[in-house]
Amino acid sequence: MANPSILILAGDGIGPEVMAEVKKIISWYGDKRGLVFDVSEDLVGGAAYDVHGKPLADETMARAQEVDAVLLGAVGGPKYDNLDFSVKPERGLLRLRKEMDLFSNLRPAQCFDALADFSSLKKDVVAGLDIMIVRELTSGVYFGMPRGIFEENGERVGINTQRYTESEIERVARSAFELAKRRGNKVCSMEKANVMESGILWREVVQRVHDEEYPEVELSHMYADNGAMQLVRWPKQFDVIVTDNLFGDILSDCAAMLTGSLGMLPSASLGAPMENGRPKAMYEPVHGSAPDIAGQGKANPIACILSFAMALRYSFDQGDEATRLEKAIEKVLADGVRTADLMGPEGGTPVSTVEMGAKIIEALDASL
Ligand code: NAD
């Protein structure tokens, strides 16, 4: 059988710096665990614009459709700020999400014990936290028609339309239930069924998918505004949260920040299963290209490395190896190793991007 394939799109700014550490970890899995990946690399964002005059070449898009997983670094930077909207670096990312139809966005909020003091919440509220927000990514109010700014009765009116079809709700609900089966077996669905018809349909369809296909998973429903309160009050009550594009955008940022630094946050975007049964998938850190620290060796590579751990778990069925990698990161943090973004008020000497990567590989070696 062919090796599983990965397309690396490192992008701009700190993207290539953090991705360099991921590449070393991919090689480690080949050398030490016999998990050999067929890795190819290409350009995205400003780096692609510099060469092709657009932020994603058609050949790159075609390659992304063929591989088992895309790993993306970050795109953007001040050099590209004045480009026309149609060729801005972020358009490359949006094209990938759209053409691969990545409808299910997974945003974990996981608190490593060593960083529990970093949260703005009390330590006992966040220590050991491990929840997953599943956000619908390709429909809802960001895409619904009609949209625009129109003239009405002598004044302007801004319109966006919240719109969900049953099949769009069904597929993201399935994705959440499937995830829950591999985790704590609990899904909480969030909408505003009290004031929105799209919320009423959302609730009905999620309940039906549950009753017909996943009766063994525990399902609850919550209004999204209450969900926001509960997330900061006692987040450990949740396992998987599934919600729409708009609420998911806000709730996932809120949940992510429970755990501290942007340099720690991975994400996955999944689509429909391909012929080999694997979902179309793109994995990327939540952070951007961080132009303020790019080229200085200061970036924290953990968000990007954790994104690869998600690829191991959700694309390659290597949950144990994903856990090995997460535990290696936990060990390094517990040992007090910190990049600059993780330095607390007590200070200390931060390690570089490369040093953090090397420490994680040392911990992986020690795990054997
Ligand atoms: P950003 O995430 O790049 O940076 C925000 C702050 O967090 C900066 O101070 C940065 O130094 C810090 N930071 C981010 N990642 C870090 C890491 N791994 N280690 C240590 N510190 C880290 O957001 P921004 O400054 O608003 O945007 C910069 C550029 O990135 C813009 O061009 C923006 O459009 C783009 N962007 C891209 C993505 C993406 O590629 N997915 C996401 C967000 C922003």
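The backbone N, Cα and C atoms fix where each Cβ goes, glycine too.
What TrEMBL lists as domain 'Isopropylmalate dehydrogenase-like' is 5-360. Positions annotated as NAD(+) binding site by TrEMBL: 77-90, 288-300. Sequence annotations record features per position, and here TrEMBL assigns substrate binding site to Arg97, Arg107, Arg135, Asp225. Among the features that TrEMBL reports, site 'Important for catalysis' is placed at Tyr142, Lys192. Taken from TrEMBL, the feature Mg(2+) binding site covers Asp225, Asp249, Asp253.
Positions of TrEMBL features highlighted on the structure.
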{"residue": "Gly77", "record": "NAD(+) binding site", "Cβ neighbours (10 Å)": "21"}
{"residue": "Pro89", "record": "NAD(+) binding site", "Cβ neighbours (10 Å)": "27"}
{"residue": "Arg97", "record": "substrate binding site", "Cβ neighbours (10 Å)": "16"}
{"residue": "Arg107", "record": "substrate binding site", "Cβ neighbours (10 Å)": "23"}
{"residue": "Tyr142", "record": "site 'Important for catalysis'", "Cβ neighbours (10 Å)": "15"}
{"residue": "Lys192", "record": "site 'Important for catalysis'", "Cβ neighbours (10 Å)": "20"}
{"residue": "Asp225", "record": "substrate binding site", "Cβ neighbours (10 Å)": "13"}
{"residue": "Asp249", "record": "Mg(2+) binding site", "Cβ neighbours (10 Å)": "19"}
{"residue": "Asp253", "record": "Mg(2+) binding site", "Cβ neighbours (10 Å)": "14"}
{"residue": "Ala290", "record": "NAD(+) binding site", "Cβ neighbours (10 Å)": "23"}
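Around the Cβ of Arg135 (substrate binding site), a 10 Å sphere holds 26 further Cβ atoms from the protein chains shown. Checking the recorded positions (Pro89, Lys192, Asp249) against Arg135 (substrate binding site) with a 10 Å Cα-Cα cut-off leaves Asp249. With a cut-off of under 6 Å between the Cβ and any atom of ligand 1, the binding-site residues Phe85, Arg97, Arg135, Asp253, Ala290 reduce to Ala290. Ala294 (NAD(+) binding site) sits 23 Å from Asp253 (Mg(2+) binding site), taking the CA atoms of both as reference points.
If you measure from the Cα atom of Arg107 (substrate binding site) to that of Asp249 (Mg(2+) binding site), you get 10 Å.
When Cβ atoms from all protein chains are considered, those within 10 Å of Phe85 (NAD(+) binding site) total 7, not counting its own. DSSP assigns Arg107 (substrate binding site) to a strand segment in the three-state reduction. If you measure from the Cα atom of Lys192 (site 'Important for catalysis') to that of Asp225 (substrate binding site), you get 8 Å.
Around Lys298 (NAD(+) binding site), the same-chain residues six or more apart in sequence whose CB sits under 8 Å from its CB are Thr339, Ala340, Asp341, Pro350, Ser352, Thr353, listed in sequence order. DSSP assigns Arg135 (substrate binding site) to a strand. Confidence over the domain 'Isopropylmalate dehydrogenase-like' (5-360), given as mean pLDDT on the 0 to 100 scale, stands at 95. Residue pair Asp225 (substrate binding site) / Gly77 (NAD(+) binding site) shows a Cα separation of 34 Å. Of the recorded residues, Asp253 (Mg(2+) binding site) and Tyr142 (site 'Important for catalysis') place their C-alpha atoms 17 Å from one another.
Taking the mean position of the Cβ atoms of Asp225, Asp249, Asp253 as the Mg(2+) site, the remaining same-chain residues with a Cβ inside 8 Å of that point are Ala224, Ala228, Leu246, Phe247, Gly248, Ile250, Leu251, Ser252, Cys254.
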